[in-house]
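Participant: Below is the structure I would like to discuss, written out as C-alpha cells.
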Amino acid sequence: MPKLFGTDGVRGVANEDLTPELCLKIGRAAGEYLKSYGDTVLVGRDTRLSGTMLEAALSAGLASVGLKVERLGIVTTPAVAFLASREDVAGGAMISASHNPVPDNGVKFFDNKGYKLAESHEEQIENYLEKELSRPTGTDIGKVLPENNKLIENYIQELIDKYPLDLSNYKIVLDCAYGATYQIAPRLFKKLGAEIIPLHAENRGEKINVECGSTNPELTSRTVVEEGADLGFSFDGDGDRIIALDEEGNQVNGDKIMAILAKDMKSRGELKNDKLIATVMSNLGLKLALKELGIALEETKVGDRNVLNRMREQDCVLGGEQSGHIINLQDNTTGDGVLTGLKLMKVLIDTGQSLKQLASIMEELPQLLVNVKVSNKDSAINSQKVQEEKSKVEKQLGSKGRVLIRPSGTEPVIRVMVEGENRETLHEVANHLTQVIKKAAE
C-alpha cells in the first residue's frame, strides 16, 4: 500500500481519494494506536460539505475499536489541538484540508499533549491498516456522542482569560473564509468589546477559501479602508493561519507578524534563547530585521511540522511561516490564527502603536511565488535542466537574491520562489523557470 500520510495528515479529493471507506479504516487504525493513551478521542471538522460524511466514517472506525468519540462539530484545527492537551482524552482528530480547494478534505491527528503525531506514529497507524484489529462487542463497543459545543466555549474562554483585553476602542474586519473560524473569531473579539465587521462568516462549505481568507485577503484590505477600521484579520479554512491588514489595507504577512511578536517577547524576556524558527520561504528582510534586534533566525524546510520539530529541538517558543502559520508554544501546540490575532492586539494596546507602525520593523525584499501545476512533481524536481537553469538565475540575481524550487506536500504543484531587488527581473526569471519546469514534467 502506498504511503498514506503526507506532510499534514491524509489529504485528497473527498469521496474519490479520501473515501468514507478509507476514513473508516483510518479511524480503526488510528484508534488502535490512540487507545493506549486513553478511552476518548475528540473529533472536529471545518465547514466543507464532505465533512459530515467523513466524520461519520472516521467516528465509526474509532468506536469500532472501543473508543468513545467526543464530536466537537465545526471547530478550528488549533482548538482541537488545544482541547486535546487540556481534556482527559487519548488525542484528537481534525477533518479539514486547511487552505486547499473545496473538493479536497483531509484528516490529521493530535496526541494527548496537543501535538501533531510524529511521522513514526503515523507509520504505526499505516501498519495497523494492514492488520486484523480488535472488534469489541456488546458494552465494549465505543460510543459516538452528540456534538459538544461546551468544549469550544471552554477554548474561547481560556483565550479570553489568558488575554483579557479591552478592545472597545478598536474596529476590526474579520474574514473567516467561510470556514471554521466563522463562529469562534467573531464571538471572541465581540466578547472583548471590539466593533466587528465580519466577512465570509457563514457556514458555506461550498465556498470555503474561494476568493477569500488568508490566501485572498484583497476584500479584507478594501473593507478596512472603506470602513475606517483599525485593522483586519484574514483566516484560512481551518483557522491555523492568519494574514493581518493594517489601517491602510497593507498586508502584514507571517514574516512581519513574527518580527512584531519576536520583538515584543524579547522585550519581556519571554523569547527563549533569543531565537525564532522560520522556513526557507521567509523573506530575507525578516533575517535582517531580527539581526538588528539581536534575535537569531534559524530556517527549516517548509511545513509547520518542520518548524515545530525544530522549535522543540532548540527549546524555542516562537516560530512560523510566511503564509501565516504562527506557533507560540506559550499558548498552543500548533498554528492558531485567532490566538495570533489576540497577541497582535495586545502588542497594539501595550505600545499604543498602529499595526502599520509595528510592521515597519521589517522591510521586505521583493519576492514572487509561482505555483506551477504539473502531473509529475518528481520528474520536474529531479530534472538536470531545471537545476541548471536555477543556477543560472541565482547567478543573475547575485548576493541579494535567491531561488527556491520545491514540490508542494499537499497539492500537484511545484512552488517557485524568487527573491531580489528588482520586481520586473523577478517576473522575468519566474516566467522562465515556470516554462522550464512545465517542459521537464511532460
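Including glycine, each Cβ sits where the backbone N, Cα and C put it.
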Participant: According to Swiss-Prot, Asp236, Asp238, Asp240 bind Mg(2+); which of Ser98, Ser120, Ser360, Ser375 is also listed for that site?
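Facilitator: Record source Swiss-Prot; matching candidate: Ser98.
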Participant: Just to confirm: which same-chain residues, 6+ apart in sequence, have a Cβ under 8 Å from the Cβ of Ser98 (active site, phosphoserine intermediate)?
Facilitator: Asp8, Thr77, Gly106, Asp236, Gly237, Asp238, Asp240, Arg241, Thr410
Participant: An 8 Å radius from the center of the Ser98, Asp236, Asp238, Asp240 Cβ atoms defines the neighbourhood of the Mg(2+) site; name the other residues of that chain inside it, in order.
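Facilitator: Here the nearby residues are Asp46, Thr76, Thr77, Ser96, His99, Gly179, Ala180, Phe235, Gly237, Gly239, Arg241, Gly335, Gly337.
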Participant: For Asp238 (Mg(2+) binding site), list the number of other Cβ atoms lying within 10 Å of its Cβ atom.
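Facilitator: Result for Asp238 (Mg(2+) binding site): 34 neighbouring Cβ atoms inside 10 Å.
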